[in-house]
Amino acid sequence: MIMLIIGELFVLCGIHVNSTCFLMELREFNNQVHPPPDYPSPHGSQHSLRLRTVPAQDTNANQFDWASPAEDAEDSNEPRNLRELPLHMGLKKAVWQVQQMRVPVVSSSWNIKQSQTFRRFCEVVKYILSYFVLWKRGIQRIGGHFGGGVQSYFLFLRFLVILNFLSSLLIAAFVLIPSIVFRSMNLNSTIAPTVNLTDEEICLQYDPKPGVLPVFYTYFLDLVSGTGFMEYSYLFYGYYNNSVIESNSFSYNIPLAYLLTAAFYFLFCLICTIIRMGDTARLVVVTGGGAVGGYSMLVFTGWDHGLQGNRATKLKQNNLRHRLQVDLEEERLKKKSASLTLGQTVSLYTLRVFLNLVVLILIGATFYGIAKATQFSQSMNPTGFMGLLLQYLPSMVITASNFVVPLLCDKIALLEKYSPSTTVILALLRAVFLRLVSLGVLLYTLWEQITCKGDISNENCKPCHYYYDQYKCWETRVGQEMYKLTLFDFLITIATLILVEFPRRIVVDHCSCKLTQLVGRQEFLVAPNVLALVYSQTVVWTGALFCPLLPFINTIKFILFYYCKKITLFQNCQPATRNFRSTTSNFFFLLVLLFGWALSSVVLLYSVAKIHPSYGCGPFRLNSAMWDVVPGAVKMLNHTSEEFLFYIGSQKFSIPLFIFSCVLLCYVSALTSVHGKSVTLLKSQCKLEQRDKQFLVRQIEELNAKVQKEQREPQQPQRETKPLNHTATQWNQHYNYAFEPDEEPRPY
Amino acid sequence: MGGTSSKLPKDLLSEYQELTFLTKQEILMAHKIFSELQDRENGPYSSRVSMEKVLTLPELKSNPFRKRICHVFSTSDMKDGSLSFEDFLDLLSAFSDSATLEIKSHYAFRIFDFDDDGTLDARDLEKLVNSLTGETDDTRLTAEEMRQLISNILEESDIDKDGTVNLSEFQHVISRSPDFVSSFKIVL
C-alpha cells in the first residue's frame, strides 16, 4: 500500500513537470512562430522577412534587439509579473508606469493590491524563517568553494540532523518525560498479572546490578559498551516500567505510549523522506533519469557561477575539460567497440560474469565473517579490556569490511571495462548492498541467538519463549548492540580524521617526493560519505525501539560530524576531479535511505508482533507480544470508536482501498504518457514549422532576386549580383528540408 | 574615503522590490557595495561604475564570463560594459535565488552569444567552450575534439537544423537540466 502511494506521488510529479515543460515550450513556440523582429523597427512579420534577404548590407542588423519582445508581452492578455520580463530596469519601470496608469480603470485593482501585499507578506515570512535555517552561511561557503556535489552531502547531513532532533523531541515528550515523572512520583500501579507464572518464575529474574559504586575503569568500560550503570538507565528499554496511571481525570498508559511513539516516529521519518524525495523526483523526471552524454547540457549548464577564487575556478575548468575529453573519448571508443568481433564480445561478457561472481563471493565471505563474529561475541562474557574488544567485535568486522570490500570492488570494476558512468553506479550499488545487508546479517544472527532460531520447542527457549539464560532482557541487549555500532562508527570517523587525513595533508604539503605527489591530497568523495550517513541512520532506526535515547545521541553525533567534516574539508581536501551529478544522486541517496528505513521497519514489525517480550524488564513484561497492549487499549474505548477502528483494520475496508489505489495509479500513469506524447508531437511540429519558414523565405528570396534582376539589369549590372549571390549561396547551403521525408523525432 | 554614503529612498526601494527578484536586504546590500565601488572610482563622480571596477568584486573576479556579463547587463550608450546601479540590480536579480528558470535561461543565452546576433553559431560555441575549459593554450581542447564537440552539440540541440542554436532551442536544453538554476547563482 505504501509502495502504491509512493508510486502515485512520483507519477503526479511527472505530470506536473511535463505540463510545465509543455506550457513553456508552447509559449516559446508562439514567440517563434511570430518571428521576433530582428531589427529595431518592430513592424509586422512581412517586413522582417523582407529585410532578412539583405543581411549583409545593414550593419546595424547584427545587433539583436532584445528590447522588442516587450511589445509581444504587452499585447498578451494576462498581466505578466514584471520581474519575469527579461528587460533592463529602465524599460521595466516604463512598463510599470503604464500598468499603474491602467490600473484605476480596471476594476480588479483591489485584487492586484491584495496580491502585492500578500507577496510582500510572504517575503517577510521567508526572511524571518531564513534566520532559523541551520548552518546556511556555512553550507553556502562550502558550495562556493567545492561545488554542488559536496554541498549536497552537507545538505543531506543537515536534513538528518533536523529529522533526528525532531524525533528525539517526540520521544522525549511522550515516553521519557512521563516515565521520569511517574518514577519520581513513585506511582507504580501496574496491571495485575493475569497469567499463571509458576513455570515462568525463572524468567522474571533480571538483576542488572544498579547502584553499585563502580571503579573508574569499569565506569569507562560501561559507558562505552552500555553495560553496568548504563544498562539500567533511561537509555535502554529495560528501565521503563509498565505503569498505567489512572487518576481522577488523567490517564496515561506507558506501554501504549511507548509503542505508539515508536510507530509514529517511523511514520514521521518516512513522510519527511518522501517529501524530500518529491522535490528531487520532479527534477529527475524532467531529465528522464539523468542524460548521459548530453554534451549540450554539459556545455550550457556546466559552469557554476557561485564559485569564487582562482583556485576553485581553475579546478572547475580542469574538471569540465576532463569530463568533455572523457565523454568524447568514450564516444570514439563506443564507435570502435561497436565493431568488436563475436569472439571479443563473448570473452568480455564471460570476464564480466566471472568478476561479478568474485564480487559476490567476497560479499558472501563478509557476511559469514560478521555472523561468526556476532555469535562469538554474544556467547562469551569476559570482563575487562578483552571483554570490551570482544563486545565490539561485530562493529569492527562490519567497519573493516565496509572499508576493504568497496576498495576491492573498485579495482575489480576497472577490469570490467564498463563506461565510466556505469562503473560509478555499479560501485554505489555494490557498496549499498554491502552496508545494508551486513547490518541485516548482524540482526539475523542476533535473532537466531535470542529465539533459538525461531524454534520454541528448543529446551533453552522453552519456558520463556526466548533464550532466558543468556538474554535476561533481550531488548536491552539488542539496544546495546545498536548503541555500540553508533558509538564505534563515530569513534572510527574521528580517528580517521585525526590519524589519517591530517597527517596525509602534512606529508603531502611538506614532502615533495614523487610518491606523495602521486597520492596527493585527500579528495572528499561524496558517495562513500553519504552511504556512511545512511548506514548510521539505519542503525538508529533499528535501535530506536530498544534504546529510546538513540535519536538524541545521533543528533549530537551528526552535529559533531558536520563541524569535523567541514574542518577536514577546508584544511585537508581538494575538490573532486570527477564531477558529481548532484540531483540524480540526491534522489538515489534518499532512495537508499528509504531502503534502510524498510529494513529497520521489518525489524520493528517483527519484534513487536512475533517475539515474546522479556518477563523481567521493560514496559511490555506481562504481555505475550508487544502488540497486545493495543487491542487491550482499544477495548477500553467507547463502542463507536472501537467499531470504527475494527472496521478500518478489517478486510472490508483495506481491499476496496487497495483496488481504488490501483485504479488511481493507472489513471495517473496514463495521463503522464499522454502528456509525453503531446510533447513529442509539439517538437516535431516545431521542426516542421521551421522547415516551412525556410522554404518560404527561400522562395521569396528567389522571387526577389528575379524582380531585382529585371529592374536593375539595364542600370547596374555588376553591383547587385554579388550580395545576392552571397545570400543565395548562404541559403543554398541549407538544404531544403521541406521536401525530405520526416525523420524520427530525436530522442532527448 | 569618499563619504557619499547616501541612503536609498524608500519609494525607490519598494519599486526595486517590485521589479526585481531581490529581497529588501539584498537590495540594501547591493546599494552598499555599489556605493563602495563608486567611491573607489578614479575621476569625477558619475552614476556608472566602469567595468574594471565592477570586475574587482570577488564574486565576479575569477568568473570566465565576467566581461560578457557586464556587457549584457550594461545599458551604457558607449557599450563599454559600465554598470549603473539599476544595471547592477538587474544583474543580481537575474542571478538571485528566486529568479525563474525563464529569466535565467534568457540571460544565460545572451551571455553565451558572444557576437550578439541573437543565435549561438559555431563560433560562439567555440568561444564558449574555450571559456569553460580555460583560455591558455595547454588547457584548450584540440581542434579535432572541438570539431567533434561542436557537431555533437548542434546535433543534439539544433532542432530546426539551421546550424545555430536559437533562444527556444537553448531553453529547451536548459529545461532538462536539474542543476542549472542552482549553478546560475551569484549571492553577495
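Just so it is clear, glycine is given a Cβ too, placed from its N, Cα and C backbone atoms.
Per TrEMBL, these features apply:
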| type | residues | note |
| --- | --- | --- |
| COMPBIAS | A:707-723 | compositional bias 'Basic and acidic residues' |
| REGION | A:707-728 | region 'Disordered' |
| SIGNAL | A:1-19 | signal peptide |
| TRANSMEM | A:155-177 | transmembrane segment |
| TRANSMEM | A:216-236 | transmembrane segment |
| TRANSMEM | A:256-276 | transmembrane segment |
| TRANSMEM | A:283-303 | transmembrane segment |
| TRANSMEM | A:349-371 | transmembrane segment |
| TRANSMEM | A:383-404 | transmembrane segment |
| TRANSMEM | A:424-447 | transmembrane segment |
| TRANSMEM | A:482-500 | transmembrane segment |
| TRANSMEM | A:539-564 | transmembrane segment |
| TRANSMEM | A:585-606 | transmembrane segment |
| TRANSMEM | A:653-674 | transmembrane segment |
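With a cut-off of 8 Å between Cβ atoms, the residues of this chain six or more beyond the transmembrane segment (A:424-447) that come close are 359, 363, 366-367, 370-371, 374-375, 378, 394, 398, 401-402, 405-406, 409-410, 413, 416, 418, 454, 477-478, 481, 527-528, 531, 534-535, 538-539, 542, 578, 588, 592, 595-596, 599, 603, 606, 611. Between the transmembrane segment (A:585-606) and the transmembrane segment (A:216-236) there are fewer than 3 Cβ pairs closer than 8 Å, counting only pairs 6 or more residues apart in sequence, which means the two stretches are not in contact. Note: the stretches the transmembrane segment (A:383-404) and the transmembrane segment (A:539-564) are not in contact (fewer than 3 CB pairs below 8 A, sequence gap of 6 or more). Proximity of distant same-chain residues to the transmembrane segment (A:482-500), defined by a Cβ-Cβ separation under 8 Å and at least 6 residues beyond the stretch ends, is recorded for 224-226, 235-236, 391-392, 394-396, 398-399, 532, 535-536, 539-540, 542-543, 546-547, 550, 553-554, 557, 560-561, 564, 568. For the transmembrane segment (A:349-371), the list of distant contacts is 394, 397-398, 401, 405, 408-409, 412, 415-416, 430, 433-434, 437-438, 441-442, 444-445: same-chain residues at least six beyond its ends, Cβ to Cβ under 8 Å.
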